[in-house]
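**Q** As annotated in Swiss-Prot:
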type	residues	note
BINDING	Asp53, His55, Asp81	Mn(2+) 1 binding site
BINDING	Asp81, Asn113, His163, His237	Mn(2+) 2 binding site
ACT_SITE	His114	active site, proton donor
Amino acid sequence: MSQSDLDRQIAQLRNCENITEGEVKALCTKAREILVEESNVQRVDAPVTICGDIHGQFFDLMELFKVGGDCPDTNYLFLGDFVDRGFNSVETFLLLLALKVRYPDRITLIRGNHESRQITQVYGFYDECLRKYGSLNVWRYCTDIFDYLSLAAVIEEKIFCVHGGLSPSIKTMDDIRAIDRKQEVPHDGAMCDLMWSDPDEIEGWNLSPRGAGYLFGGDVVDDFNRKNNIELICRAHQLVMEGYRVMFNEQLVTVWSAPNYCYRCGNVASILELDENLAKSYKIFEAAPQENRGLPAKKPIPDYFL
């Protein structure tokens, strides 16, 4: 795949226009070559801008890039949940993946609980692929790539980034590095917990109402951060009406990047910019105005309805 091909595909995807099934296959093949070399805990250099859940809200991702700057000018770290629930999971994920292939050192993608075959069959991505491409091949190519995404990232050895949270099975970074990540998200265990767990105002661990992962308290965060010489845990996974929420004496932050979530929650979104000294700056943004959203593409009516 030539650089000019890739640039054309990126331009098309930025306009919310789909690329062909063959192009998706080639893009995913190239992406796999890059992602397979990345660690379970990917090292990321500052300055970097951290983004939470996007959930197929393509036009709001365009707002995010307006606020945070375009890739590759800005170094980005996305904390997973690129797909499901929104109307444009296909274009959202493929654009982020194309940027990853084009600028591998300027964008890091880690896996969320929705980067899963099972979950996408329920929450929209599967149906969207079928509707837009008329077959499941694109869904298969993309979900195969999900298995190669990193499970976490560490910025300058000091900031631990993960989609969901901590796990009672994980004491150190080496415990994460020991996971065989190239598989469907399991129903329980360390890999599952990283994508499903949530912080809560409790002590220790509790079962999660989500049915997967755990709730974990400030004492757990304190212990993990001390043991691993970490200053901050940065995670996503939970809607925050104000766009971000700091907890546990500034030892953990939730960043949420899908404004007006599901097109009805009325929340703002945020991204977290870290400068080269890891100084934090939260940027708040709102959903893209209606006129920036374009019209949903009308599918031609199949002959048998005419």
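Yeah, the Cβs are placed from backbone N, Cα and C, and that goes for glycine too.
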**Q** Within the chain of His114 (active site, proton donor), which residues six or more apart in sequence place their C-beta under 8 angstroms from its C-beta?
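**A** His114 (active site, proton donor) has long-range Cβ partners His55, Gly80, Asp81, Phe82, Val83, Asp84, Thr120, Tyr123, Phe125.
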**Q** For the recorded Mn(2+) 2 site formed by Asp81, Asn113, His163, His237, which further same-chain residues have Cβ atoms within 8 Å of the site's Cβ center?
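**A** Apart from Asp81, Asn113, His163, His237, the close residues are Asp53, Leu79, Gly80, Gly112, His114, Gly164, Met195, Trp196, Ala236.
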**Q** Determine which residues of this chain, when Asp53, His55, Asp81 are set aside, have a Cβ within 8 Å of the centroid of the Mn(2+) 1 site's Cβ atoms, and list them as they appear in the sequence.
**A** Gly52, Ile54, Gly56, Gly80, Phe82, Val83, Asp84, Arg85, Gly112, His114, Ala236, Ser257, Ala258
**Q** List the residues of the same chain that sit at least 6 positions away from Asp53 (Mn(2+) 1 binding site) in sequence and have their Cβ under 8 Å from its Cβ, in sequence order, or write 'none'.
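**A** When sequence neighbours closer than 6 are ignored, Asp53 (Mn(2+) 1 binding site) has Leu79, Gly80, Asp81, Gly112, Ala236, His237, Trp256, Ser257, Ala258 within Cβ distance under 8 Å.
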**Q** Compile a sequence-ordered list of residues in the same chain as Asn113 (Mn(2+) 2 binding site), six or more apart from it, whose Cβ lies below 8 A from its Cβ; state 'none' when nothing qualifies.
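**A** The answer is Gly80, Asp81, Ile119, His163, Gly164, Val185, Met195, Trp196, Ala212, His237.
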**Q** Would you count the other CB atoms within 10 A of the CB of Asp81 (Mn(2+) 1 binding site), including those on all shown protein chains?
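**A** Summing over all protein chains shown, Asp81 (Mn(2+) 1 binding site) has 27 other Cβ atoms within 10 Å.
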**Q** Hey, what's the Cβ neighbour count for His237 (Mn(2+) 2 binding site) at 10 Å?
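**A** Summing over all protein chains shown, His237 (Mn(2+) 2 binding site) has 26 other Cβ atoms within 10 Å.
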